[in-house]
Amino acid sequence: MRRTLAAISVCALLGSLTACGGDEPEAGGPVTLRMTTWSANPAHVELFNSIAAEYSKTKPDVSVTFEALPLENYTTTVTTQIAGGNAPDIAWILEGAAPDFVASGALTPLDDSIENTADLAPAATALWKKDGKLMGYPFSTSPFGVFVNNDLLKQAGQTLPAGADWTWANAVAAASATAAKTGKQGLVIRDFDYKEWSNLATVFRGWGADAWTADGKTCGFDQQPMVDAMTFLHKAIFTDKALPAPGVAADFFAGESAMTIAQISRASLLKEAKFGWTLVPLPAGPSGEYSVIGQGGLGVMKKGKNAAAAAEFVKFFTSPDNSTKLAQFFPPPRQSQLNADTLAKANPLLKPEQLQDVVIDGIATGVVKPSHTGSAEISQAVRSALDPMWKPDADIPGVLRGVCTAIQPLLAK
Amino acid sequence: MTLLQDRAATARSAPGRPSYWTMRRRDHLTGYLFITPALVGAVAFVFLPLVLVVWYSLHEWNVLADTFDFVGSENYRKLAEDPNVPGVLRATALFSIGLVVLNLGLALVLAVLLNQKLRGTTFFRVLFFSPVVVSLLAWTIVWGFLLQDNGGVNGLLSLFGIDGPNWLRSGGTAMVSVVVVQVFKNVGLNMVLFLAALQGVPQELYEAARTDGAGRWTVFRRITLPLISPTILLTSIITVVGSLQVFAQISVLTQGGPGTSTTVLVYYLYQQAFQFHAFGYGSTLSVLLFLIVLALTVLQWQMRKRWVFHES
């Protein structure tokens, strides 16, 4: 009764946002599985469709549709679909939302639906396990690196610091000088935009700082490493002008900035780049070299109408063969495929040493971006509390203490 | 067969005994049949969700964990203790007051100016009304670009040597920006309503007032304002209710920031229900919103007797 009422009301309220209703599965009849994704990239969609078409050859009764949802509202939309009684059969899950999905029991365990689970890198699956069971498959384990516009640096008379000189201090100096000389922007932390603060992990991890402790109970924003990292970042933005100021838009891939911190899956945007570029690991911070990983997982929704058929398709979708194909966009979690040879075949845009330095070493040593149960509420609280930092005369330690005051009650929940 | 013939036939078929389907009953049935489609829509999309929202507000509903537990007044206690609520209500009040004052004031001024018999008024009427027919999202997104730190507005200001603020990112200007974007979007609608009202004021009243020696301001205050007061009531109710429902502009321009300075009630309930998955508490916030809208509308309706011309 409740579900029906819920479905009716959510459909009524959100009729325009969600496609409510749909067909109940018929026992033994044809099944259409629906997988929600956040990628409408035609190359990605083409690959997914080809995998689905191949699957339909062996299972003619099963067809798969891929529903691309906008990334910024992705989790909200999926949750609304679930509330409306229209859960997708398979859903991509962002790393930030992973603890909520994994812990809530919304997903079906995948241990029997993934071939050769022993091959999966433990660092990649850590976030997706509950009581030893694999609840989500991290199909994309994508380290962050720094893409550099060689032409802009050259135009500004700068050379990219290399080896032991590739440090945050030198990276910011080069970005600042390039921005000043060319009138373009220096270094863009992609998708941060002074809102999505979790992408700042690509900076503050260099100081050994963490948003919260490993057990998720204690805030780390007021700790000295974070204060140091944020002081450095603040100076880079407002004094050195090495990063675009708040409210300033600049797209590296359109040639508007000298450098950008982004995941390697973005390399596909450089297929038709009109400038020379390179990809290097994140610069070393005061605490040494480090790497940060962004993940995307996929899970079979318990409330989907065809959970068993969905689990079978996931087995096919994530098989070693298909994993190799997916590797051209999404670095796989399979250790046997994390070698320069396999990755080079799938990523013709990247050189073997780039794949080794950024991808393979990155996945081996990287930490996943901050995540936590209740991450949406915590993220929102951090974003609000960090806002006073983004002006030239900010009291940085004071703002960071304010972040902890705001999120400590949420972390303790 | 016409209705009259039908009635006559019915009357003939039962001589001496009054039919159940009297003319009055038939009229009622016809009336109900006419309003049925609208009534079904209202029940399904207004009354049922309204009742369900109250029902949900008594529950803790976690969509992901698939739990729906009755918690009684717990969500209402949480509402009373929520440290964010005072700030949210303050932002909501600021937005509503700013919007109502600016929108009605500007609409009235524009209507009075464009009610003059001058060349070019039609052009300006179209100009000010055109944003009303533009898609709200497109309008807001374009303004989002214009109000960026390196956007069009600051570019224009820099031509005059003015270093414009970061409109959407600083606490002082974010709310003002959102209000102004919304005012420009909808001021044309109220302007047209005021224009219609102004043109309905009988000219002989103006002539009589001028004959009596009334100046322009006195004519406006004593003749125009009282006679268009029903329209002022209508536009103020529409604008107040509309201002409490603002969502897309906040979502696109500021996402409630900086800090929580533009987190209005609707945006806060969206965050709670759809981003934080707390549908029960989100429903409690919508009950609060409903009560506020109801109270303000009742208040305005009561006050009409004091200042609306035809009501006293």
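For all residues, glycine too, the Cβ spot is worked out from N, Cα and C.
Note that the structure is predicted; figures quoted are calculated from it, not measured.
TrEMBL lists B:89-300 with the feature domain 'ABC transmembrane type-1'.
Look at TrEMBL and you will find B:32-58 (among others) tagged as transmembrane segment.
The transmembrane segment feature in TrEMBL is assigned to B:93-114 (among others).
If you look up TrEMBL, you'll see B:126-147 (among others) marked as transmembrane segment.
Here TrEMBL flags B:167-184 (among others) as transmembrane segment.
The annotation transmembrane segment is assigned in TrEMBL to B:231-254 (among others).
Positions annotated as transmembrane segment by TrEMBL: B:274-299 (among others).
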What same-chain residues lie close to the transmembrane segment (B:126-147): Cβ under 8 Å, and 6 or more beyond its ends?
110, 114, 153, 167-168, 177, 181, 184-189, 191-192, 248-249, 252-253
What residues elsewhere in the chain lie close to the transmembrane segment (B:93-114), defined as a C-beta under 8 angstroms and at least 6 residues from its ends?
121, 124-125, 128, 175-176, 178-180, 182-183, 186-188, 190-195, 197-198, 220, 224, 232, 235-236, 239-240, 243-244, 246, 262, 264
Non-local residues, at least 6 beyond the ends, that sit with Cβ under 8 Å of the transmembrane segment (B:167-184):
91, 94-95, 98-99, 102-103, 106, 131, 139-140, 143-144, 147-149, 151, 153-154, 243, 246, 249-250, 253-254, 257-259, 261-262
